[in-house]
């Protein structure tokens, strides 16, 4: 049996302050929910080992402050991400409207090799609340328009769809990590035209 090197998947969670990013992360990693969370200052992360298609991987899940005054986390925070999770509150339409800005912010800062196909996952959180303002079809339509991003409706408080959502996040992140590894091991070959080949042969001739 061949031993595989340990895989670390970096997952970034973005969204406005108060949408439940920290709650989702804690529900998934620690199976806990609390109403006493303080606003995340800067960035924080939790790790969890999970099985993805018979492969053990470590997910490093990064939580960010949603307030604009903390939005200067910089390139180092985003770089190396394997998946980006965009979270909004289904009871707060403004948090849905800012998904475009968060997605653009990530693509600018992270500069992924293939931005068109970089894996995003969208979570519409707080479905346990009654005063819903963002319809499922509206959220699905936005995701479809952005290269068909996977969409889950979640409740961090009631643990609804949290496990399923993060399974998809882990699987998509692993796929991204594998593609990056393949690209790094087998970069695009340098093509020589006939003149270059002839010149190279002539220079290497010692006669």
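Glycine is treated like the rest: Cβ placed from N, Cα and C.
According to Swiss-Prot, the feature N-acetylthreonine maps to 2, an assignment based on similarity to another entry.
Around residue 23 (GTP binding site), taking its Cβ as the centre, 24 other Cβ atoms fall within 10 Å, counting all chains. Summarising the annotation, Swiss-Prot assigns GTP binding site to 17-23, 34-35, 37, 40, 66, 125-126, 128, 156-157 and lists similarity to another entry as the type of evidence.
Cβ neighbours within 10 Å of residue 22 (Mg(2+) binding site), excluding its own Cβ and spanning all shown chains: 22. For the recorded site, residue 22 (Mg(2+) binding site), the DSSP three-state label reads helix. For 22, 40, 63, the entry in Swiss-Prot reads Mg(2+) binding site.
The motif 'Switch 1' annotation in Swiss-Prot covers 28-41, and the record cites similarity to another entry as its basis. Mean pLDDT of the predicted structure over the motif 'Switch 1' (28-41): 74.
What Swiss-Prot records for 67-82 is motif 'Switch 2'.
Sequence annotations record features per position, and here Swiss-Prot assigns phosphoserine to 72 based on similarity to another entry.
Per Swiss-Prot, ubiquitin cross-link is recorded for 191 (among others), and the stated evidence type is similarity to another entry.
For 194 (among others), the entry in Swiss-Prot reads ubiquitin cross-link.
Per Swiss-Prot, the feature S-geranylgeranyl cysteine maps to 205 (among others).
Residues or ranges marked as cysteine methyl ester by Swiss-Prot: 207.
Feature annotation from Swiss-Prot assigns S-geranylgeranyl cysteine to 207 (among others).
Neighbour counts were taken as the number of other C-beta atoms within 10 angstroms of each residue's C-beta; across the binding-site residues 17, 125, the minimum falls on 17. Within 10 Å of the C-beta atom of residue 156 (GTP binding site) sit 27 other C-beta atoms, taking all shown protein chains into account. Under 8 Å, Cβ to Cβ, and six or more positions away along its own chain, residue 20 (GTP binding site) finds 87, 89, 125, 126, 156.
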